[in-house]
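Some notes on the structure that comes next.
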Amino acid sequence: MTAAQIHSDCSVHMLPRHVKEDVEPIHLLGFNIARKPKWLQFVLLSLAIFILYIGYGYMQELIFKLPGMKPFGWTLTLIQFLIYSGCGYTECIIWHNTKRMIPWRIYGVIAFFTVATMGLSNASVGYLNYPTQVIFKCCKLIPVLIGGILIQGKRYGWIDIGAAMLMSLGIIMFTLADNKVSPNFDSRGYIMICGALLADAVIGNIQEKNMKKYGGSSNEMVLYSYGIGSVFIFAFVVLSGEVFSAIPFFLENSWKTFGYALILSCLGYLGVNVVLTHIKVFGALVAVTVTTLRKALTIILSFMLFSKPFTIEYVYAGSVVMLAIYLNLYSKNKTSWDNMIRRFVARAMGYHDVSVARKDPMTV
């Protein structure tokens, strides 16, 4: 055996060790951020969620401002699902990640709840004041806590439970304010968004549990859940007859309907991927907290960009929800926040030599 053969043979046998030591990739819009510090991963993923979903919220409200669009929320959802599926397949080909890791039966369940979440959410926009829809979605923490207990057997402290109760109070206050000032108050919108909220909470827990159990990627999750979901929605819009009225409407206003839907879907697809990555890296509850903060900003922008009735009671209700969000954030970062509070109090009282337990500032 030649020296070159020996060297080649040794290299082949040593290669798997180096591969095993490689860090599992974490992709953000095509860039691998796995080797970045944990806190920077959190900042980058959270910032991407803010940018993509604020744009998504703007386009969603804009498309439902089109005259006659109100009854076609499910058709819009079908377009979104088809685009998501196509993008997911393209990404799987690009990253050579075509092997399915998660069983079909689980994807069937995830697809059902994904359809319920996005379909009911889109449909509710036609019947609700948009900030009301968003404030309901801000309170997904409530069913996420319940789902975490029932699906994953998690236990939560009294702070998380208190945050959920405050969110419930905020929802009630916002609904009463909406009923007071909205000229076209429609209870169907509330039923739809509550259904979407419950389904969305179930999705987060099922996705987190099975992505960790089977090692499935976010691209795979998007491809199969939205691909199967497209079949479900197509069957629904055909059986309900919605598609036969929607096609002439979409063709008549093709630049706005299909154009807005394309932009909405692209922003949504990128956002879904980032959220799934956030869930895989930091868990469902932390991801919900980040997306909830983003929705609070969306509400402010909605009042600024689109004319709608306003009452100060919206501010009170939103403040209660924001308090609940920060209470939840405190629960997830209790040690580091307690240390910062001790330092602040000590400095305010004139003490400079204060010992506090050191901990990673990015506890999630």
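Please read every residue number as a count from 1 along the shown chain.
For all residues, glycine too, the Cβ spot is worked out from N, Cα and C.
Annotated in Swiss-Prot:
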- 39-59: transmembrane segment (TRANSMEM)
- 74-94: transmembrane segment (TRANSMEM)
- 106-126: transmembrane segment (TRANSMEM)
- 131-151: transmembrane segment (TRANSMEM)
- 157-177: transmembrane segment (TRANSMEM)
- 187-206: transmembrane segment (TRANSMEM)
- 231-251: transmembrane segment (TRANSMEM)
- 257-277: transmembrane segment (TRANSMEM)
- 281-301: transmembrane segment (TRANSMEM)
- 310-330: transmembrane segment (TRANSMEM)
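Ranked by the number of CB pairs under 8 Å to the transmembrane segment (39-59), the listed stretches 74-94, 106-126, 231-251, 281-301 are led by 281-301.
With a cut-off of 8 Å on Cβ pairs spaced 6 or more residues apart, the transmembrane segment (257-277) and the transmembrane segment (74-94) reach 3 or more such pairs and are scored as touching. Same-chain residues lying 6 or more positions outside the transmembrane segment (106-126) and placing a CB less than 8 Å from one of its CB atoms are 60-61, 64, 69-71, 73-74, 76-77, 80-81, 133, 137, 189-190, 192-193, 195-196, 199-200, 202-203, 206-207, 210, 221, 224-229, 232-233, 236. With a cut-off of 8 Å on Cβ pairs spaced 6 or more residues apart, the transmembrane segment (157-177) and the transmembrane segment (310-330) reach 3 or more such pairs and are scored as touching.
Here the transmembrane segment (310-330) lies next to the transmembrane segment (131-151) in space: the count of CB pairs under 8 Å, restricted to residues six or more apart, reaches at least 3. Just going by CB pairs under 8 A, the stretch in 74-94, 187-206, 281-301 that sits most against the transmembrane segment (131-151) is 187-206. When Cβ-Cβ distances below 8 Å are used as the criterion, the transmembrane segment (281-301) is approached by residues 26, 41-42, 45-46, 49-50, 53-54, 57-58, 131, 134-135, 137-141, 144-145, 148, 204-205, 207-208, 275, 318, 321-322, 325, 328-329, 332, 364 of the same chain, each at least six residues removed from its ends. Counting only same-chain residues 6+ beyond the ends of the transmembrane segment (74-94), those with a CB under 8 A from a CB of the stretch are 63, 115, 118-119, 122-123, 219-220, 222-224, 226-227, 229-230, 233-234, 236-237, 240, 242-243, 246, 250, 258, 261-262, 264-266, 268-269, 272-273. The list of residues near the transmembrane segment (187-206) in space but at least 6 beyond its ends in sequence, with Cβ under 8 angstroms from a Cβ of it, reads 106, 109-110, 113-114, 116-121, 123-124, 126-128, 132-133, 136-137, 139-140, 142-144, 146-148, 151-152, 175, 279, 284, 287-288.
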